[in-house]
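Visitor: The following block contains the structure, expressed as structure tokens.
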Amino acid sequence: MEDTPSQSDHYRSSSSSASSPTAARPPQGSSFYYLRKPGPAMLRRPISFEDSPEWGDDTEIDVNADELAAESIHVGTTTVSPSLSKVNSVSVSGASPPAGLSEASRRIAGASIVWRDLSVNIREKRRYSERVVKNSTGYALPGTLTVIMGPARSGKSMLLRALAGRLPRSARLYGEVFINGTKSQMPYGSYGYVDREDVLVDCLTVREMLYYAALLQLPGFFSEKKSAVEEAIQAMSLGDYADKLIGGHCYMAGLPYGERRRVSIARELVMRPHALFIDEPLYHLDSVSALLLMVTLKKIASTGCTIVFTMYQSSTEVFGLFDRICLLSNGNTLFFGETLACLQHFSNSGFPCPIMQSPSDHFLRAINTDFDRIIAMCKTLQDDHGDFSSVNMDTAVAIRTLEATYKSSADSAAVESMIGRLIEKEGPRLKSKGRAGISTRIAVLTWRSILVMSRKWNYFWMRLVLYLLLTLSIGTIFTNLGHSLSSVTVRVSAIFSFVSFMMLLSISGLPAHIDELKVHMHEEANQHTGALVFLLANLFSSIPFLFLISISSTLVFYFLVGLRDEFSLLMYFVLSIFMCLLANESLMMVVAYIWLDTFKCTMTLIFLNVIMMLVAGYFRIHDALPQLWKYPLSYLAFHTYCIQGLLENEYVGTSFAVGEIRSIPGVMAVRGSYDISASENYKWFHLLILMIMAIGYRIILLLLLCFNVRRWIIKCDLCWFSKSTTA
């Protein structure tokens, strides 16, 4: 501890007056938004970034207000923003809701969230690794913004997931989490969770996206769901973008990152949650969009919602909107409390914040171990404009000093005291909100998928054009074949080419499947849908599009090549192509889920289709294939059953004249090029096998989704990556 002052002399020299908030008084109208003073003016209206804060030496701790706030949480009243310290606390109990929010939003009752001695371990290679979060303690109250801040790999997201009950299965949780004084997890519908990455359906408008989310999440009548959607649009200030496509189209760009982030948050606000957890709300946002979004979240919090979120760093203006901060480094809690109290804590530890530096930048600069590498690099450089003394500090010493100072500080004692009052007696239990029924969710997802597929040019329209061009090409190449014995070999080639390249062109719809799987995985994580609901909806929605492709392509090919002119034979041809496409789509869904990467999925599917074409019995008769390729590859290729069925459909029951007296059956004429059965009903067996394969691949996908195989694939990728980088 003795060397701590020497490590932080540059902080004192750069800003000796910044060691205490009472040491200097910035001028009126300054931009130090994180230095605001609670007063009657602020109690009468919501806080906004336009407020110019003032410092004061006469601010006192209102203990009675704290006790009143703690009691009010247990009786389920609307929200209060209690204070623990004498800085940066604004009560919203008397604040009128901001304009644009409906009456329903004003009645939101938040939830008090308390975590005590919370630790999280992650399982790796049959053992649990070092704790990602270590003995963290804190709380979040209704009507407040609580930020979990720290450098990369500090455990921010894991702590947020632990509070929301969203830890992966490989994680082990220690410690206690209290919701309204009760040791329990938050039930469905009582909270919303927003991931770091925005997973949205690009070809839907903002209003459609939120409306389908409401149909999936909420029970009740459509009018109630529609009003919830409009409230969410108003709360997130999305009125100007409500009828615009999220991803845009060829004539219009998609929504900016800021608006996409607002849509992701609005999707969770549809449930009118008591608490809202957001992982990196300012991810990919510029400073203006970040400030506007945080002001919006501040207004939502003022209606009573408890908002907890993670953040890497922020601007000074954004930092001024936070109520409480939980500062982490390597899983250790370096501070929990009011935002300005955190500045005082750093100052008391010997690391005062310079006047011209953002508080969040100052915090991260002091506790981010990655800066040690920068210091090492700076020592080897020469700078004509000055030295690098401003970054010359041992980060490990700073972290140990801050942690030790916090554990022995009055802030830590105040947190323990407040937690004791919050869990002293149980408050109202949060009830699980009802959700839409299974049949309703299947219908909603089916209709949404149909709408999405009709708007995605790479799923239906581009494929339809490619299929028609392919069919015209094959049909014109093999046109006017006639029905003589010499045309049999060429006709077999035409059918093989048609089936094989139809299956190969199906890969063009792969990006749509990947996007749909990503949306499903996000909705399933939030318990909006299930694996079975998703698979049934995807199956029902794909049937009309695949049937339209099958019948349009078959009609062109059938009459250009000149196949047998019978309606029953034509319909079998259509059904066979449809079942083959359906089986191929099911295989594509399995591969898309395994990789979730367009390049890997495309290469895998091309390889599988080429192998199926090789063992389909055209290049070499099925019985003449080597055992390695015959068992089991030739029996797993749906090309085999489709081509056999189509040839049996065309040639079983026909004959060809050989000379003036003799004739041979059509089956015998085909067997020189392809092995088919002489039974008239055997073609239906091939159609049944195609149907079983289409259903079988869907069942495989269902098992993969239920057992969450993706987590094992991700672990294997991470292990391979770590080995390759250390080699």
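Cβ coordinates come from backbone N, Cα and C, glycine included.
Computed from a predicted structure; not experimentally measured.
Pulled these from TrEMBL:
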| type | residues | note |
| --- | --- | --- |
| DOMAIN | 113-355 | domain 'ABC transporter' |
| REGION | 1-36 | region 'Disordered' |
| TRANSMEM | 460-478 | transmembrane segment |
| TRANSMEM | 490-510 | transmembrane segment |
| TRANSMEM | 531-560 | transmembrane segment |
| TRANSMEM | 572-596 | transmembrane segment |
| TRANSMEM | 603-621 | transmembrane segment |
| TRANSMEM | 684-705 | transmembrane segment |
Visitor: Are the transmembrane segment (603-621) and the transmembrane segment (572-596) close, by which I mean at least 3 Cβ pairs under 8 Å that are 6+ residues apart in sequence?
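Guide: With 3 or more qualifying Cβ pairs, these stretches touch.
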Visitor: Of the listed stretches 490-510, 572-596, 684-705, which one has the most C-beta pairs under 8 A with the transmembrane segment (460-478)?
Guide: 490-510
Visitor: What same-chain residues lie close to the transmembrane segment (684-705): Cβ under 8 Å, and 6 or more beyond its ends?
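Guide: Hits for the transmembrane segment (684-705): 524, 531-532, 534-535, 539, 572, 575-576, 579-580, 582-583, 585-587, 589-590, 593-594, 638, 641-642, 644-645, 648.
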